[in-house]
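Please read the structure below before turning to the comments.
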């Protein structure tokens, strides 16, 4: 919590005192009228003669005096500086003890903020309003005293019947503020005064949560002993145990376990305390949670288990602990990734060894068919590839688009990887779905050492003429003869590949988009924020030049679901009650596109039963697309787009998640085709410098 008035009041008063001290002695003090500067100087120097003259002669002793552009009274200055005698003189003259400055700070507020115990006591005896709130954030004397840890001031205010459950605009009580800053003696006083230990602030966080987040053990113990709900969750579902586990605070975690906290309670996006501790590498917390019977296989909404996130980040000891506790080494997340896949992808050799020892399936494939050996071959983790080969991984296992580990290693020009795979009897003739072999892709990308090694290892000989035909088609001289369509296509494919329009680059961009989405959700505290559009799909950034740069017009689309709003498509909704739910308060927009939930997707033609049998889309991709239409993590939604002339009358069902899943499955060749078509539509057909045909979208 932060008192917005504290910095303002303090800085203004410090500056005012400096100005006044410099001006002391600047008047003779003999005039019957006391100027504004003189009375403020008199407060600083405690000049009773001038103060008494001011109280007798001033037409309005309660008026505010402007210093450095801010309005405050002489008495505000006295309370800030702790001038008890000055206060007594003003109170005796019946000044308004509830006088507020321009920002609503009362005299009692000012004294409480700075721990002026005698001043506070005197103002209370003079019947000052102990609950008067300033008008910027709604904070009050008890709040600022608790925030600063002034126990004696807090006790005086409580004794004067200050409301211990009063909340400012952000909902943070005095108990919340004291808990946040670790002022355990103040916390004890407020608890004794019957402060509500479960009162939540605007984001749903109770005092116990903020004390746990900041590691204040004694405050946590006091709140638990006072009956605080150890399972109370914030607006995104985080519990106090979750935040302590995230921070690795084992002592506080143990306190919650002892208090019977639910060790399996999950956030809205499914993360448990064990998962976040596994992700962050907090071994001691893991041990405590496992001992308390935490579910080691509990998955979040993306399907990630504690073992998957630990393996992904290379936390070997935690991986071993989870395996020992019975974690399923073959449990897959939503896209099919296993712990072994995650460790292989990120190069964690020791974790891979532990998982293999625990009988992890070395051939378990993701939805699109990538095996641990494939991803290790793609990412260049030589030792892991050799470990997987020793564990009898299938060296010729292809993903659904046909690429084998040897193909992807050849594409990357990784000679050592190619050697290892060929030595393990990888099939050098195995072709992907478009007919390309490892030898072909290596030759197309100019990896001549790989070409030579592969051809040398092939049992059938390859003539020099054959090798020559495999060289870069772009090496051909473009002068005399006009190339035919296949040759032009090969040239374009080669040029785009060299420029970086390949699957590995798309995968990196996809990962960056997913990471950005998680960062935004964490910072904003809202799981209904999605990064969508071309940036998140990997291939969609508009082609600008053949050196791999993308068009400056390419952007990052961020979609925010409007809380509480649910639409129902006419004729498709089967629920008579319209499954109404209570909405939540709208928050300030932090995105580019607002959307509203739709209770279900309308029929998607390629996913209809009569279309599935004859579809050219790979079955695993069709299954993945179907999951998009049913998963809570990819909610159906509508956006404010309409037919021409129908603005305000129609909403458009968004297919962003379907597009994202489809485009993320593209091979290098398919991705290049998509980028090329998009370029033609945007920069040739629709461009004002081209055919200027408006209305056609590249996604059509």
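In case you wondered, yes, glycine gets a Cβ from its N, Cα and C as well.
Here the structure is a predicted model, which means the values were calculated and not measured.
Under the heading signal peptide, TrEMBL lists 1-29.
Per TrEMBL, repeat 'ANK' is recorded for 70-102 (among others). Here the repeat 'ANK' (70-102) returns a mean pLDDT of 91 for the predicted model.
For 103-135 (among others), the entry in TrEMBL reads repeat 'ANK'.
Beyond its flanks by at least six residues, the repeat 'ANK' (137-169) meets 1, 3-6, 106, 108-109, 111-117, 120-121, 124, 130-131, 175, 177-178, 180-181, 183, 185-186, 189-190, 193-196, 199, 201-202 of its own chain at Cβ-Cβ distances under 8 Å. As annotated by TrEMBL, repeat 'ANK' applies to 137-169 (among others).
According to TrEMBL, the repeat 'ANK' annotation covers 170-202 (among others). Summarised by DSSP class, the composition of the repeat 'ANK' (170-202) is 16 helix, 0 strand, 17 coil.
Residues annotated as repeat 'ANK' in TrEMBL: 203-235 (among others). Packing against the repeat 'ANK' (203-235) from elsewhere in the chain are residues 171, 173, 175-176, 178-184, 187-188, 191, 197, 241, 243-244, 247, 249, 251-252, 255-256, 259-262, 265, 267, 525, 584: each is 6 or more residues past its ends and has a CB under 8 Å from a CB in it.
Residues 204, 206, 208-209, 211-213, 215, 217, 220-221, 224, 230, 274, 276-277, 280-282, 284-285, 288-289, 292-295, 298, 300, 525-527 of the same chain, all 6+ positions outside the repeat 'ANK' (236-268), place their C-beta atoms under 8 angstroms from a C-beta of that stretch. What TrEMBL records for 236-268 (among others) is repeat 'ANK'.
Residues annotated as repeat 'ANK' in TrEMBL: 269-301 (among others). Residue counts for the repeat 'ANK' (269-301) under DSSP, split into helix (H, G, I), strand (E, B) and coil, are 17 helix, 1 strand, 15 coil.
Non-local neighbours of the repeat 'ANK' (302-334) in the same chain are 269-270, 272, 274-275, 277-279, 281, 283, 286-287, 290, 296, 340, 342-343, 345-348, 350-351, 354-355, 358-361, 364, 366, 627, 631, 633; each lies 6+ residues outside the stretch with a CB under 8 Å from one of its CB atoms. If you look up TrEMBL, you'll see 302-334 (among others) marked as repeat 'ANK'.
If one looks beyond the repeat 'ANK' (335-367) by at least 6 residues along the same chain, the residues whose Cβ comes under 8 Å of a Cβ in the stretch are 303, 305, 307-316, 319-320, 323, 329, 373, 375-376, 379, 381, 383-384, 387-388, 391-394, 397, 399, 620-621, 623-624. Feature annotation from TrEMBL assigns repeat 'ANK' to 335-367 (among others).
The repeat 'ANK' feature in TrEMBL is assigned to 368-400 (among others).
If you look at the repeat 'ANK' (401-433), the same-chain residues 6 or more away from its ends with a CB under 8 A from one of its CBs are 368-369, 371, 373-374, 376-378, 380, 382, 385-386, 389, 395, 439, 441-442, 445-447, 449-450, 453-454, 457-458, 502, 504, 618, 665, 667-668. According to TrEMBL, the feature repeat 'ANK' maps to 401-433 (among others).
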| What does DSSP give as the helix, strand and coil breakdown of the repeat 'ANK' (236-268)? | 17 helix, 2 strand, 14 coil
